[in-house]
Each structure stands twice: as C-alpha cells, then as structure tokens.
Amino acid sequence: MAPTKDFSTTTTNGAESWDDVADFVTKKGHGVKGLSERGIKTLPKPFHQPLEERFSEKKILERASIPLIDMSQWDSPEVVKSICDAAENWGFFQIVNHGVPLETLERVKEATHRFFGLPAEEKNNYSKENSPINNVRFGSSFVPHVEKALEWKDFLSMFYVSEEETNTYWPPICRDEMLEYMRSSEVLIQRLMEVLVVKGLKVKQIDEIREPMLVGSRRINLNYYPKCPNPELTLGVGRHSDISTFTILLQDQIGGLHVRKLDDTGNTWVHVTPIAGSLIINIGDALQIMSNGRYKSIEHMVVANGTQDRISVPLFVNPKPQAILCPFPEVLANGEKPVYKPVFCSDYSRHFYTKPHDGKKTVDVAMIN
C-alpha cells in the first residue's frame, strides 16, 4: 500500500485521494483547519461539490434580509406577531436585546477559538474512534463515510445529559463557557416557547408532558470554517434544515450563512448579515411537524471563504429522544387535516445522521402520503 500524503508542503494538485484526505484530516485529527494551515494552493478532490450543489453569487437575493426583532418587549402583541410571522414566512429571524449577556457570547467565541487552536493530537482525543463517550465528538464535514463530496468544516459536537457527564467528558478548554451559555439561554428558550407555541399555536400550556416533547434535550456544536483555496468548488455546510425544535445560532462577524427564500422560484438565497450582539433563531423540522406545517424549517447553507476563517456556535433545542413528533391537537382542532404522521424523535434523528445533507428530504419521513 502506498504511503498516505502528509500535506506537509503547499503542493496539491486537486487529485488527492479519499485515503489521503481521511488519514490526514480524520485519523490524525488535523481537520480541514490543518489543510488550510498547510497553505495548500488547490482544494483536494474529495471536497469538490457536484456542479448542481455549488453556490453562485447570482443566486443571492440582493437587498434582502431575514427579519430583525427586538426582544426587549418580548410578550407585547407587536413582538409576538413579528416572531410568529417570521416563523411562518421565513423560518429564520435575528434577535437583539435577547437577554443573553453579551460578555457570555464573547466568551463562547473565545473558547471556540481556543478549542480549535489545540494541537491535532489533543483534538483527536474526541474523535469518533477515540472519544470515551458518544455524546462528545470532534470531526470534519458531516457524515464523511457516506458523502460523495466532503464539506469544508471542522466541528465539536456535545450532547448535554447531565452536569456530572459534562464535567467529566466535555473538553475543559471550552466546557465552562458552553455551560454558562446554555444556562444563560434558558430564559430565552422559555420565552420563545411561550410566543411560538402558547400564543402562536394556541396550545393551552406547556406541561410536564409537552415540555420534554418540545425542549427536552440540548446539543451544542462548535463549528470552524477555515479559509479555503478554492471556495467556489466546495461548501462549508450543504443544503439542509435542522431537525431541532428550533436552533439558536451565534456567529462571528465574517458571514457566510445563506437562507433559502420562500418564493416562486425556490432557488434564491438571502445572506444573513452578522449583527453584533445578535442571535439567529431558526425553526427546526420538529416544530414544523408539531405546527402541522404552519411554521417552516428552511433550507440553509454555509459558503466557504477564500480569505478568512469563520466560527459559529449553534445551540440545538431538541425534543427528548423518546418523544413522539406529531401535530398538536390544538392545531388540528378546527378540522385541519394532519400533514404529518407520528414519528419517534430518535428515529427521525437517526435518519438525519445516516445520510449526507440533502435539503428538506428528511421531513419526508414524517409526511402522510
């Protein structure tokens, strides 16, 4: 067997094999950050996206933006209407005065940079092969073993179970900051549930049965998108919608997140311009199902950047794995027919994580034919 490439020089011809890339990026823990830091001049072939998936600036809807909502009067009729309208018509909105301390957000971003600044062998302790627990995972792309083209991204994914597990297994270099962020977001999460579910969907109350169905688990990801030698050939993240109830996204000032606009063409995208101190909320598949399609989980993607590194930190607010996803009875009370059949959240999640990003196809599993 021929020796695998160590990418120790800047010379690449774009024809590097999957084995070359997998050994350096995945097995040795360098990630795509390691490729970028080697100063490679040509994007290795495994990262080349099919022509139909590559992003073109021509697809961007100019002078358009997702709704920006001030949450300081979150329970006022005007703000409630703005949030529910955004969830119906955009599936994405950006919020300011959200109640999460700005100092906490800055510490989260700093901790993210610290983790990805670790030596490869230390980050590799959390890889699929080496991590002592499935709930903590460092990796690259999305599901590399089934992808025809890799995504230009490294990530650390941490599923919250308990304080004890977190203190034992989460990387110490970023653990406290992520826990602080999760705790600081709880009031915001409850307010969003009150607005979207109680006021928007007329669900009478979120009781001890419904709360786990809506917000019973949390996953936080640290994403790192290094600068790319040929950004036009690849993507940071391919087209997909989240499977969460909703996602709270913290991003830096670099930009790169694009959201599909719901319009007649179905092929226009809006760039989510970073706003200092803001958070981005996007509706997930779970809430689309529970609202019987009233709220929309929208396709989004991240484009690669040729000049700057980018980070983002999504906090996925998910149903409990044992929860059953189905439309709320209150939503169907006026005779509206259900669009979705009941499906276990664990089954839905398993389906999502066993295939490449493919737009909105995951939700088809729950649709009534």
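The backbone N, Cα and C atoms fix where each Cβ goes, and this holds for glycine too.
For the recorded site, Arg310 (2-oxoglutarate binding site), the DSSP three-state label reads strand. Cβ contacts within 10 Å of Arg310 (2-oxoglutarate binding site), excluding its own Cβ and spanning all protein chains shown: 23. According to Swiss-Prot, the 2-oxoglutarate binding site annotation covers Tyr225, Arg310, Ser312.
Sequence annotations record features per position, and here Swiss-Prot assigns Fe cation binding site to His240, Asp242, His300. All protein chains included, His300 (Fe cation binding site) registers 24 other Cβ atoms within 10 Å of its own Cβ.
The domain 'Fe2OG dioxygenase' annotation in Swiss-Prot covers 209-319.
Compute the center of the Cβ atoms of His240, Asp242, His300, which mark the site for Fe cation; besides them, the chain residues with Cβ within 8 Å of that center are Val237, Arg239, Ser241, Thr247, Asn282, Ser297, Ile298, Glu299, Met301, His357. Excluding the listed site residues Tyr225, Arg310, Ser312, the same chain places Lys153, Asn223, Tyr224, Gly236, Gln251, Asp252, Ile254, Gly256, Val302, Asn305, Asp309, Ile311 with Cβ atoms within 8 Å of the centre of the 2-oxoglutarate site Cβ atoms.
Sequence-distant contacts (6 or more apart, same chain, Cβ under 8 Å) of His240 (Fe cation binding site) comprise Glu299, His300, Met301, His357, Asp358, Gly359, Lys360, Thr362. Of all the binding-site residues in the record (Tyr225, Arg310, Ser312), the one with the smallest CA separation from Asp242 (Fe cation binding site) is Ser312.
Per DSSP, the domain 'Fe2OG dioxygenase' (209-319) is made up of 15 helix, 46 strand, 50 coil. Local packing around the binding-site residues Tyr225, Asp242, Ser312 was summarised as the count of other Cβ atoms within 10 Å of each Cβ; on this measure the leading residue is Tyr225.
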